[in-house]
């Protein structure tokens, strides 16, 4: 092959330029890395925060357990962020919970179509999710890196949340899809809106035998609720799949690589109680991903349309970093409280980002509770 001097000179010039560019970039990166290292050292000197999200199917005893735990601490070191009942019932819309249950009942009785029910359910679920999503966004600037859990000193502040945003933006929409009152497209639209998972996100899911769960749910009184056993079975199934999905992802599972292992479009059978991270990695068929092998989401060649595949990528990205714990609710309220307290010792704290973050977070949590915590 012929060799051309001009090309040789150009090549030599390019090599010199690249070498000089790499050198300049290395020089430029040094101050940046030094600054980042300094910021990390400063952050590590900041107070720590423990955030605990008590989640899972309704009616297990989450709120009672949480309130008993909060009562153990002082007002200054543990703050409870309750369900935003006032927003659901008054501020965001009128009687949202009753509207949801009535709509499902009318669909089950054949009084309205699935399409009509889906319109109402999707709108109502937006109302249910808004307070969680916006609170997460306001809190995010104050959350620094994870401080670890082993041998960590007590946090300066513990925040106990009655549910994480995924309850309203993933789990309940997915359960309504199983109930026939929401489309899979709408569920993935909610998935796309799940906020990025903050460091130190500790989520407590619950385990309770179904018969005991039914008994507890029948005895409680919540505004607008109906005893819907089919919905209870659906939401229990979804939370079981959620726990499996986190284990699957943290165990190295990739939904894109394993998608071909799903066959047909059948909804998975009801599974066992949520399990901790112990044990083998679940099969993709025992995760939330199996719900989305639905005809409405598939292209003619049988693959997911890209827009829906991207939503599943978001789902994987949001769930993978979560720290999931399982609380056994099949015991007395005091026993549940003590078991939850024991779980917190293994949870992951985070540093806050500024010296004023702790009082700011306290004010945020108390404002939320005061404005939205109780229905008027």
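Don't overthink the numbers, they just go from 1 along the chain as shown.
Cβ atoms here come from the backbone N, Cα and C positions, even for glycine.
Sequence-distant neighbours of residue 83 (active site, proton acceptor) (same chain, 6+ residues apart, CB-CB distance under 8 A): 63, 162, 163, 373. Taken from Swiss-Prot, the feature active site, proton acceptor covers 83.
Per Swiss-Prot, ATP binding site is recorded for 56, 57, 58, 59, 60, 61, 62, 63, 216, and the stated evidence type is sequence analysis. Note on residue 62 (ATP binding site): other Cβ atoms within 10 Å of its Cβ, all shown chains, come to 23.
Other Cβ atoms within 10 Å of the Cβ of residue 125 (substrate binding site), summed over all protein chains shown, number 22. The substrate binding site annotation in Swiss-Prot covers 101, 125, 222 and is backed by sequence analysis.
Taken from Swiss-Prot, the feature compositional bias 'Basic residues' covers 19-32.
Residues or ranges marked as region 'Disordered' by Swiss-Prot: 1-39 (among others).
Residues or ranges marked as region 'Disordered' in Swiss-Prot: 260-280 (among others).
Excluding the listed site residues 56, 57, 58, 59, 60, 61, 62, 63, 216, the same chain places 206, 208, 213, 217, 329 with Cβ atoms within 8 Å of the centre of the ATP site Cβ atoms. Taking each Cβ in turn and tallying the other Cβ atoms within 10 Å, the top scorer among the binding-site residues 58, 216, 222 is 58.
DSSP assigns residue 83 (active site, proton acceptor) to coil, not to a helix or a strand.
The distance from the Cα of residue 62 (ATP binding site) to the Cα of residue 125 (substrate binding site) comes to 21 Å.
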